[in-house]
Amino acid sequence: MSKNYHIAVLPGDGIGPEVMAQALKVMDAVRSRFDMRITTSRYDVGGIAIDNHGHPLPKATVEGCEQADAILFGSVGGPKWENLPPESQPERGALLPLRKHFKLFSNLRPAKLYQGLEAFCPLRADIAANGFDILCVRELTGGIYFGQPKGREGSGQYEKAFDTEVYHRFEIERIARIAFESARKRRRKVTSIDKANVLQSSILWREIVNDVAKAYPDVELAHMYIDNATMQLIKDPSQFDVLLCSNLFGDILSDECAMITGSMGMLPSASLNEQEFGLYEPAGGSAPDIAGKNIANPIAQILSLALLLRYSLDADEAATAIEQAINRALEEGVRTSDLARGAAAVSTDEMGDIIARYVAEGV
C-alpha cells in the first residue's frame, strides 16, 4: 500500500495563487498516474496573511506546516505592504522565520538552459548551444552572514566594521552530503567552491569535503576557487553538474547561474533540513505588476513541485515525469508571454493544463 503524504500549500501574494493553481493541477496528474496518496491544506502567508490575520506568518500556518511532509510555497510581498516596519513586511516576517523554525540549512537552486530557449541566454551563441544543467547547493545557516563577532566600532579615521566567517565541521559535513546525494541522482560530479588559498574557513571546508567524498566513490569531486568559478560559469557552464558552496559563495553563484538561464520564470528552489523536510518555492518574486492577468509563467512553481517530490517524498519517477512534460511543452514551442518574443503565447492556465496533460499521458 502506498504511503499517505500531506503537503502544506502556501500560495501567498501577487502571482503566487495563479501559478500555484497550475502546480496543483500537475499534482493531480501525478496522483492519478503514479497512484500516490497526496493530500493538501492551504494556508495564508505574507501580505494576504497580514490582511486576514494581522501577521505575515500566522500561528495556524506554522502549525499546519508542522503537520505536513513538505511546504509548497508561492511568493510573498507587494507595494501594498512596503511601508510596514521591516520585521512586519511579508518577506522578512514570513519566509525567514519559516526557514529558521524548520532549521532549513541547505538551499538547492537548479539552473537549466532548456532546448529552444538558447536565445534567452546572455552568453555567446556557441556557448549557449552546449546547454547546461547545474544544481547549486548552498549552505544557508552558517558562514559570514551569521558568524560572531560582527559589528562596527571606533570613530573618525579609526572607525571600522567587521564580520566573521565561521564554519563548524558538522555544518560542512551535512551540506556536503546533500551535494553528493544530489549528484548521485544527476551526472555524478560535485565541484566544491572555496578560497582555500587564503581563508582558514575554506581550508577546513576543503578538508572536510574530501573526507565526505570518501563515502561516495561513484561521484567525481573537483575543487575550484570562487574567483575562477565565476569566470568558468561564463566561459563554459556545461562543465558543471553540482556546485557545493558556502553561504556567501552560494549566494553569489546561484544568482549568476540564474542570470545565464535568461528567465527567472523557469527557476525553482528548495530549502531542506536534516530530515529532508523542505520548503519549495520559485526563485522569482511575486510580480505584482502582472498579477491577475493570467500571463505569468508557472513553470518555476511546477518545477518546485518536482523538487518536492524528489527530495521530500522520494518520488523520483514522478519528479522526472514533470520535468519531461515541461521539456516536451517547450520543445513543441509552447510559451508564456515572457518567453514568446512576439510569437503566440499561452496563458498561465493553458500552460498548466498542457503540462498536467503531458504528465498524465507520459512522454
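Cβ coordinates come from backbone N, Cα and C, glycine included.
According to Swiss-Prot, the feature NAD(+) binding site maps to 78-91, 285-297, an assignment based on sequence analysis. Around the Cβ of Ala291 (NAD(+) binding site), a 10 Å sphere holds 18 further Cβ atoms from the protein chains shown.
Marked as substrate binding site by Swiss-Prot: Arg99, Arg109, Arg138, Asp227. For Arg99 (substrate binding site), the number of other Cβ atoms no farther than 10 Å from its own Cβ, over all displayed protein chains, is 17.
Reduced to three states, the DSSP call for Tyr145 (site 'Important for catalysis') is helix. Per Swiss-Prot, site 'Important for catalysis' is recorded for Tyr145 (among others).
Swiss-Prot lists Lys195 (among others) with the feature site 'Important for catalysis'. DSSP classifies Lys195 (site 'Important for catalysis') as coil under the three-state reduction.
The annotation Mg(2+) binding site is assigned in Swiss-Prot to Asp227, Asp251, Asp255. Classification of Asp255 (Mg(2+) binding site) by DSSP places it within a helix.
Take Arg99, Arg109, Arg138, Asp227, the residues named in the record as contacts for substrate: the widest Cα to Cα gap among them comes to 29 Å. Using a 10 Å Cα-Cα cut-off from Tyr145 (site 'Important for catalysis'), none of the binding-site residues among Pro86, Arg99, Asp227, Ala291, Ile295 qualify. Only Arg138, of the binding-site residues Gly78, Glu82, Pro90, Arg138, Asp227, Ile295, have a C-alpha within 10 angstroms of the C-alpha of Asp251 (Mg(2+) binding site).
There are 17 other CB atoms within 10 A of the CB of Asp251 (Mg(2+) binding site), with all protein chains counted. Of all the recorded positions listed (Gly78, Pro90, Tyr145, Lys195), Pro90 sits in the most crowded Cβ setting, with the most other Cβ atoms within 10 Å. Fewest other C-beta atoms within 10 angstroms, among the binding-site residues Ala287, Ile295, are seen around Ile295. Among the binding-site residues listed (Arg99, Arg109, Asp227), Arg109 has its Cα nearest to the Cα of Ile295 (NAD(+) binding site).
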